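Asker: Provided herewith is a single structure, encoded as structure tokens, for subsequent inquiry.
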Amino acid sequence: MSETTYVKQCAYGKTLVRFMKKDICPKTKTHTVYEMDVQSLLTGELEESYTKADNSIVVPTDTQKNTIYVFAKNNDVSVPEVFAAKLAKHFVDKYKHIHGAALDITITPWTRMEVQGKPHSHSFIRNPGETRKTHVVFSEGKGFDVVSSLKDVLVLKSTGSGFTNFHKCEFTTLPEVTDRIFSTSIDCNYTFKHFDTFEELAGFDFNSIYEKVKEITLETFALDDSESVQATMYKMADTIINTYPAINEVYYALPNKHYFEINLAPFNIDNLGSNCSLYQPQAYPSGYITCTVARK
């Protein structure tokens, strides 16, 4: 061990552990599929595996991978927060020198296909415009912390948004607009209250909360007469926190994907202001607005 350095922090695990699980309803024979990417990170009395090459305290990452697969086979995975918590608790309970586990799950969304006007029993279509994630940490003797996410939802509205009365200086060239296209890719994290026990956590309907967070986000985006991205994202977060007492904090990152008016004056065509109907999508640069709203 060096006399001048020490291990300030360490964790290790397995990433990109992918699986798809198929559930079949005994009554209807209807199939449901769940595709997930899982990452595990363990913490505890691990310093000597770094400083003294002591592998006796290393639970192999391959063991962690196998554990994830066995737990996926033998347990319900339909609620990713609960599945992640069960895995995290297992790692800490089983290995005495492991005192914490962080599990991250990313869900690949498959939507049931409609065929001849009816939901098909075993055919699905990939929904590329939405990513659900969860991050669950279990600490020995302290309980669970859960942060879930809605990401990669690309939205646009063609009116109902403006940007005026902003600060101006010698570097300002942006004109004020009372009507503009508002487009963004939604990135939302929502943090739950601390859970002392697995039983308390398992009693929460995380799936319906996820759907409601998405509904509030999209409804606010569509209905708000937006004066700025900042004002709209605050309304989204404020509504979520006031709807769910179990959610203590909401974070949004909303890149402002610009669509600018195309100047057709050289062709004697007015395509500016209220006469604008033709826009040029801008790949970059884009605005990038973030906000974390917390319960008082």
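Even glycines carry a Cβ here, placed using N, Cα and C.
Predicted, not measured: the structure shown is a model, and the values here were computed from it.
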Asker: Looking at urate binding as recorded in Swiss-Prot, which candidate out of Asn127, Asn207, Asn256, Asn263 goes with Thr61, Asp62, Phe163, Arg180, Val229, Gln230?
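Answerer: Only hit among Asn127, Asn207, Asn256, Asn263 in Swiss-Prot's urate site, alongside Thr61, Asp62, Phe163, Arg180, Val229, Gln230: Asn256.
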Asker: List the residues of the same chain that sit at least 6 positions away from Lys14 (active site, charge relay system) in sequence and have their Cβ under 8 Å from its Cβ, in sequence order, or write 'none'.
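Answerer: In sequence order, the residues whose Cβ lies under 8 Å from that of Lys14 (active site, charge relay system) (at least 6 apart) are Val38, Gln39, Ser40, Thr61, Asp62, Gln64, Lys65, Ile68.
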Asker: Between His258 (active site, charge relay system) and Gln230 (urate binding site), what is the CA-CA distance rounded to a whole number of Å?
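Answerer: Distance (Cα to Cα, whole Å): 15 Å.
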Asker: Which secondary structure state does DSSP assign to Gln230 (urate binding site), in the simple three-class scheme?
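Answerer: The residue in question, Gln230 (urate binding site), is helix (DSSP, three-state).
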Asker: Sort out the sequence-distant neighbours of Phe163 (urate binding site) for me: same chain, 6+ apart, CB within less than 8 Å of its CB, listed by position.
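Answerer: In sequence order, the residues whose Cβ lies under 8 Å from that of Phe163 (urate binding site) (at least 6 apart) are Leu174, Glu176, Val177, Arg180, Glu227, Ser228.
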